[in-house]
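Inspection log for the structure reproduced underneath, given as structure tokens.
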Amino acid sequence: MSDDETTTGQAESEILERLTLVGVNHRSLNTDLRERLFDQEPDLTLLLAALRHADWEEGLVVATCERLEFAVIAKPGQAVAAELLQRLAGAARLAPTELVGQSYCHSGPQALRHLFAVAASLDSLVVGEPQILGQMKQCYRAAAGAGLAGPRLDATMQAAFAAAKRVRSETPIGQQASSMNLVATQVAEDLHGRFDGLRLLWLGLGEMGEMLCADFIAAGVGQLLVTHGSSLRAEAAARRLKCNFAPWDDLDHHLAEADIVVSDSSSGRFTLETAQMEAALRHRRRRPVLLIDAGVPSDIDPAIATLEGAFVYDLDDLERLAKAKSGGRAAANVMAWSVLEEELDRFQRAQAGRNAAPSVVALRQHFEATRRAVLEGGRLDAEEATRLLVNKLLHDPSEALRRTAAADRRAGETLEASLRRLFGLTPDAEESEEEK
């Protein structure tokens, strides 16, 4: 192994000790901060700039419409959590004190586990949703392109991506989100019949809403209209889905025209009020409307469900229907986490193996130097040369074992057990050697 390979092995082996992640997500933030932080599409270029000009070695930003996380590989012995939180707050246009109690920090193995879980969609609002893996790959490519992510984070993220692929291919976890969407389209078909000619209105711009709308479009919905309080985000979503955008001020008009409404603003207050929906239904002459409340917390006033012509389903309703068809979520989650833990263990073992590599190289070099010294010491026959070589190789370990045992009996026993394990020594072998 070359010196470069040895150095790389040492660097990669320290990932677990030096990986630190600070973040916020849809669950950790209160309603006010959630609206302020996720009011527009994340700008990865600006967010990555917040990680520059620092003393850590590598950095990564994970930014979606429901989470913002900064992860770095710190230098040995470097504490970075406080500075990371400060930089994250600055990038989010918040004061660090505003994030106290509403952010999270993971380091070492817990940070690694979190990144794996996020990539596998086990930490998403809708577990199993497929978008997050592509989003994380995009975030990693941006960090690598900006010169912030290097070989250490590359090893981590490639392992996380591989774990996510195994979770999706070997467990039914990915079917949960898709089965909920399928149930939603089936409910709409039962209510309205044919999809062509139906008008779909999307309020909110969350990931679940986008998945639902994409599936409705695939099913043949005639027209999709996107509206949101943040016109920039709504216009960006409309471009992604190749549909039309409408100003939020025109909501009442478009609500009266919609046959299906998907709402997932998760703002903490009702996006649709009872009186507002009552007026829309009167305008529609009570033609039925399917309202899907994908907000967490709820977007739609529960009282709307009592109105004639309004059929309201929230995520729990869709999940119950999907569960009745597929057999439940708990087993899928257990299977997914089991696969993820296997991949985590595999990666950590690989890193531990890399950690041992420099010591193995050093031991080989030491043995080789000792062999050469014996050969250069004079003309010896094979018996004399090999006996001298064995004595020289055993001298330092034997002395270290004796000194350790004399100073601390327990430490000596531990060292002796390690020596036996390293060289495959057994009591039988020892007895046969003594008999000689």
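Positions of Cβ are set from backbone N, Cα and C atoms, glycine also.
It should be emphasised that the depicted structure is a prediction, and the values quoted were computed from it without experimental measurement.
Sequence annotations record features per position, and here TrEMBL assigns domain 'Glutamyl-tRNA reductase N-terminal' to 22-171. If you look up TrEMBL, you'll see THR64, CYS65, GLU66, ARG67, SER124, GLU129, PRO130, GLN131, GLN135 marked as substrate binding site. Per TrEMBL, the feature active site, nucleophile maps to CYS65. Sequence annotations record features per position, and here TrEMBL assigns site 'Important for activity' to HIS114. What TrEMBL records for 187-320 is domain 'Quinate/shikimate 5-dehydrogenase/glutamyl-tRNA reductase'. According to TrEMBL, the NADP(+) binding site annotation covers GLY204, LEU205, GLY206, GLU207, MET208, GLY209. The domain 'Tetrapyrrole biosynthesis glutamyl-tRNA reductase dimerisation' annotation in TrEMBL covers 338-425.
Listed in sequence order, the residues SER121, LEU125, ILE132, GLU207 complete the 8 Å Cβ shell around the substrate site centroid, once THR64, CYS65, GLU66, ARG67, SER124, GLU129, PRO130, GLN131, GLN135 themselves are left out. A 10 Å cutoff on Cβ-Cβ distances gives GLU66 (substrate binding site) a total of 25 other Cβ atoms nearby, all chains included. The full span of the recorded substrate binding residues, THR64, CYS65, GLU66, ARG67, SER124, GLU129, PRO130, GLN131, GLN135, taken as their largest Cα to Cα distance, is 15 Å. In the shown protein chains, 19 other C-beta atoms lie within 10 A of the C-beta of GLN135 (substrate binding site). Its own atom aside, the Cβ of MET208 (NADP(+) binding site) has 26 Cβ atoms within 10 angstroms in the protein chains shown. The Cβ of CYS65 has fewer other Cβ atoms within 10 Å than any other of the recorded positions CYS65, LEU205. GLN135 (substrate binding site) sits 16 Å from HIS114 (site 'Important for activity'), taking the Cα positions as reference.
The distance from the Cα of HIS114 (site 'Important for activity') to the Cα of GLU207 (NADP(+) binding site) comes to 20 Å.
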